[in-house]
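J.: A single structure is presented below for examination.
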2 protein chains.
Amino acid sequence: MSQLSPSTALPLDGQALLLQIRLLGEIGAEPEQDGRTRIALTDADKAGRDQLLRWMEALDLEIRIDRIGNIFGTLRADGDQQAPLMIGSHIDSVANAGALDGCYGVLAGLAVVRAFREAGVRPTRPITVAAFTNEEGVRYQPDMMGSLVHAGGLNVDAALETLGTDGTRLGDELVRIGYAGDLEPGALVPHEYLELHIEQGPVLEVEGVQIGVVENLQGISWQQVTVKGSANHAGTTPMHLRHDAGSVAAAAITHLREIAVDGTLATVGCLRLEPNLINVIPRKAVFTVDLRDPDEARLQAAEKRLADALAHLAETEGVEIHSERLVRFEPVIFDSDLASAIAASANRLGFSHRRMTSGAGHDAQMIARIAPAAMIFVPSQGGVSHNPREHTSDELLLTGAEVLLDVVCQRLARS
Amino acid sequence: MSQLSPSTALPLDGQALLLQIRLLGEIGAEPEQDGRTRIALTDADKAGRDQLLRWMEALDLEIRIDRIGNIFGTLRADGDQQAPLMIGSHIDSVANAGALDGCYGVLAGLAVVRAFREAGVRPTRPITVAAFTNEEGVRYQPDMMGSLVHAGGLNVDAALETLGTDGTRLGDELVRIGYAGDLEPGALVPHEYLELHIEQGPVLEVEGVQIGVVENLQGISWQQVTVKGSANHAGTTPMHLRHDAGSVAAAAITHLREIAVDGTLATVGCLRLEPNLINVIPRKAVFTVDLRDPDEARLQAAEKRLADALAHLAETEGVEIHSERLVRFEPVIFDSDLASAIAASANRLGFSHRRMTSGAGHDAQMIARIAPAAMIFVPSQGGVSHNPREHTSDELLLTGAEVLLDVVCQRLARS
């Protein structure tokens, strides 16, 4: 077995990668809906994990599972104890999901390792492929849980006590499916961390760009706003005597469009009225606000502008408005050196690329707390994700994997 | 028995009226909710009708029931066949209702008749107290059905075929509760029609006025608007690439506030989003629009402005918008002579009054198609109706009944 030199370009077995994506996507499949469901720590998730382990074993990786169920498969370097270069993502899914979200990144990690194996090249530093537990957070909150525990942001014992939406205890389910490992979370601190993912948004496709060099990740602010007005008869209450909770909610949503400028995103995804009758002025409106910005100061400014607008509406409309914070993450800035390496690899391979911000949350943002991290995006057709229609062409999937492999080769050549 | 002369002021037995309102309100009572439910043609409605008939019999009225179940109790005049002065409303209710909506008008009619009986005065023209079937339209659509059939606006055979929200056929239920009469609807055309009702709105209370002289009734336009946009990830879709159905709905609702001027009322009571998830841009928004105006030209102008605004939004936001008409009634102008008589009676009795528009629909609007009609309103506490908290003080209830009795005496003195 030879050592890897900077100029070495290892061949990628693209067909093996595409086959594994297809096969993993068949686990938990719902043929009538064209999607698959492998929610964390269900039987379907266990089946996906079992398949991943068989593929890791076939590559003769050293497999370790930690107490929160994170799976690590390591290709050892020459007899050293160096920190590994880690390639990670997740294989749990939302309900009725596509086949790519998360799985693509984990299986591309296996493709990188396979390239080394098949070329008979031993890396200068261990390469670890990681599949983190419960990234989606469908049954157990918070999402990105496995990577958060790994990075020390959540105590593993507390995480094991988490109760699910179905009343189950996470630790019990982990034992039940046989993935309560003994490795202490965080024992495996990577030297550097890379995550390849579909964009889950429309930017790359709209601009016709092949590769996204993800240099940061937006901060997220989720609030639930409750407006309390007065229910009254729609036909008998003059406009100036109304305290219409629905109308106030509409004014707030309209105002959010003015707040969402200069890179700030604002979305009202949920809204319900009470009593929700055609001829009754709404007594109550409850809506959610999702604000995102890669810049913390701008995110705070958007929150402030919303709060000011709500206070103004409460006063002028004679309603009570209450906001409850649901989720708040500060923006994450990825490692600029690693981002530059991704851009350099895309350049070298002749792929178009652009610097960009991740709008969604990813395991990489947690690992960025303990190691230099960055992400590679490939386009999502129509920007669709969390849906059976999630799609990226085989060609673009391989483009992303080739960039990942090249970045790994370049980084190992440096170490 | 004497004939009534113009100057005669008959005494009203206020306590009998208040007692009957209380007793009828106990039928169908739901003590745990403080309200009562007597939805048309249910067992509770039958019990209310049975009680009303006993009270009519006690006053020795000539009772007739027509094929749609409308109940008429007539105090005969001296051996003539003149058209009656009719006092009417309804005794069916919404779910968990107050005790006054409708019942007040019917029982005040009985109080008028009782005043004649107790004074030993025979009217110069028959007085008919009417209780119309299914004014509320909860189980069977349309509402105001009995008076609509009476006025010839809906064929009785078609009305009897109406299927309820519970799958029952109206005609079967009418037979089941024993109120399928043999009088042909519309046989009893009134000389004039009066309806006393609680305002169900806040205007009289806010202005501290005792009596509303209802000179017209608003036109009503109900639409359901469906906006179809595109669902996408809230964190990854730039603002300029969105087709946010919820945001478009909010803009339309905000625009409605500008349309609702000069007496036009606009209400969005129902709104729902799909998929209604916090981090997904709404794919679909469905909302109702309730527009009302006493002037048909203004109502049409409001409908036009809404349609224009929706067309503009569809184009600028890249969404599909579809509007479906649910209900459309033109405004009704009540008889000005009768309205003036109500104002004159309020004046004579020393009660404050104002001319006003009815915002809600009433049986009087149907009867106005075949006879001079007008309404008398008394204040509703807090404007609340269709709710157990519906309330008007005993004093104001009697004020309204005294005006009704005086108007009847004055009209009969003229005939």
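Backbone N, Cα and C define each Cβ position, glycine as well.
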J.: Which single residue out of A:HIS197, A:HIS233, A:HIS240 does TrEMBL record at the Zn(2+) 1 site shared with A:HIS90, A:ASP101?
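T.: Among the candidates, TrEMBL records only A:HIS197 at this Zn(2+) 1 site.
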J.: For the Zn(2+) 2 site that TrEMBL assigns to A:ASP101, A:GLU136, which of the candidates A:HIS386, A:HIS391 is also assigned?
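T.: Looking through A:HIS386, A:HIS391, the residue TrEMBL assigns to the Zn(2+) 2 site is A:HIS386.
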J.: Go through A:HIS197, A:HIS386, the listed binding-site residues, and name the one with the sparsest Cβ surroundings, counting other Cβ atoms within 10 Å.
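T.: Looking at the binding-site residues A:HIS197, A:HIS386, the Cβ with the fewest others within 10 Å is that of A:HIS386.
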J.: Compute the C-alpha separation of A:HIS197 (Zn(2+) 1 binding site) from A:HIS386 (Zn(2+) 2 binding site), stating it in Å without decimals.
T.: 13
J.: Which of these binding-site residues has the least crowded Cβ, counting other Cβ atoms within 10 Å: A:HIS90, A:ASP101, A:GLU136?
T.: A:GLU136
J.: Taking all residues of the domain 'Peptidase M20 dimerisation' (A:218-314) together, what is their mean pLDDT?
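T.: Value for the domain 'Peptidase M20 dimerisation' (A:218-314), mean pLDDT as a whole number: 95.
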J.: For A:HIS197 (Zn(2+) 1 binding site), just give me the three-state DSSP call.
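T.: It is in a strand.
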J.: Cα distance, A:GLU136 (Zn(2+) 2 binding site) to A:HIS90 (Zn(2+) 1 binding site), nearest Å?
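T.: With distance taken Cα to Cα, A:GLU136 (Zn(2+) 2 binding site) is 9 Å from A:HIS90 (Zn(2+) 1 binding site).
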J.: Which residue counts does DSSP give the domain 'Peptidase M20 dimerisation' (A:218-314) for helix, strand and coil?
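T.: Residue counts in helix, strand and coil order: 37 helix, 29 strand, 31 coil.
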J.: Can you name every residue in this chain, apart from A:HIS90, A:ASP101, A:HIS197, with its Cβ inside 8 Å of the center of the Cβ atoms of the recorded Zn(2+) 1 site?
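T.: Going along the sequence, the neighbours come out as A:SER89, A:LEU100, A:GLY102, A:CYS103, A:TYR104, A:GLY105, A:GLU135, A:ILE198, A:HIS362, A:ASP363.
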J.: Which whole-number value in Å describes the distance between the Cα atoms of A:HIS386 (Zn(2+) 2 binding site) and A:ASP101 (Zn(2+) 1 binding site)?
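T.: Rounded to a whole number, the Cα-Cα distance is 8 Å.
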J.: According to DSSP, collapsed to three classes, what secondary structure does A:GLU136 (Zn(2+) 2 binding site) have?
T.: coil
